[in-house]
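Enquirer: In case it helps, TrEMBL gives these features for our protein:
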type	residues	note
TRANSMEM	9-33	transmembrane segment
TRANSMEM	39-59	transmembrane segment
TRANSMEM	66-88	transmembrane segment
TRANSMEM	100-117	transmembrane segment
TRANSMEM	129-148	transmembrane segment
TRANSMEM	180-199	transmembrane segment
Amino acid sequence: MTKKITRGFIYGLLVSMILIALYLWIQILITGIDPTKRLTSHIATMVLSLSTLIYGVYLKKGLHRFVFTFSTIYIFFAVFLGSTLNFYNLYESIHYDKLIHVYFGYSATLVGLVFISRLEFYQAIKLKHVLIFIFSFSLMIAACWELLEFASDQLFSTTTQGRPQMTLEGIYSVDVGETMFDIIANLIGTLIFMASYSIEKRFKKTFFMKRILSILSE
């Protein structure tokens, strides 16, 4: 019963995000007014939410249910609230963007663990080797993400890597510090996951990580 309620709530959340993003997207097309440059964000919210919704229809195994739930949570906070509703700019004072990057680092490390746990000899792999792999995987994803942000800024004149600032020479330039702080935030999320994973493997003391490992073993 609880699983059905949870799944129904997630379906409702995905549909709500699609409808709200669609409304905002149509409003921009009709009025031609997009002061916060959110047009592509609305499209991203609709595409990602719809893809996740379709994926959810075919859920069978525990791992897939977990991925479905985790993906929805990420889309809600990072894409819908962050981009579509402009939380990245509205709540810049509390570093909303950096909090999402911490969550992104945690999520990327989890994805790395999902991949390595699919290996037949996973149980025989030493803890330190698993940690090296998921650490490297997460930072690789972080680097690829920053490359995508750079490409987006260059091709579509977005400001995902920060607003250009005028230098003393009178040239507009983006501070590389923004990118570095994003990577540091990703690193923090990665280290949090690695610490939780290590504690659970050694001492069996973390409920959430215990649940994750249980799902991965199904």
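Yeah, the Cβs are placed from backbone N, Cα and C, and that goes for glycine too.
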Enquirer: By a Cβ-Cβ criterion of under 8 Å, what residues six or more beyond either terminus of the transmembrane segment (66-88) are in contact with it?
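Expert: Cβ under 8 Å, 6 or more out: 6, 10, 13-14, 17, 20-21, 24, 36, 38, 41-42, 44-45, 48-49, 52, 55-56, 59, 96-97, 100, 103-104, 107, 110, 114, 212, 215.
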Enquirer: Hey, would you say the transmembrane segment (129-148) packs against the transmembrane segment (180-199), going by three or more CB pairs under 8 A that are 6+ residues apart?
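Expert: Judged by the Cβ rule, the two regions touch, with the required three close pairs present.
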Enquirer: Same chain, outside the transmembrane segment (180-199) by at least 6, Cβ under 8 Å from its Cβ: which residues?
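Expert: Sequence-distant neighbours of the transmembrane segment (180-199): 97-99, 101-110, 113, 127, 130-131, 134-135, 138-139, 142-143, 145-146, 205-206, 208-209.
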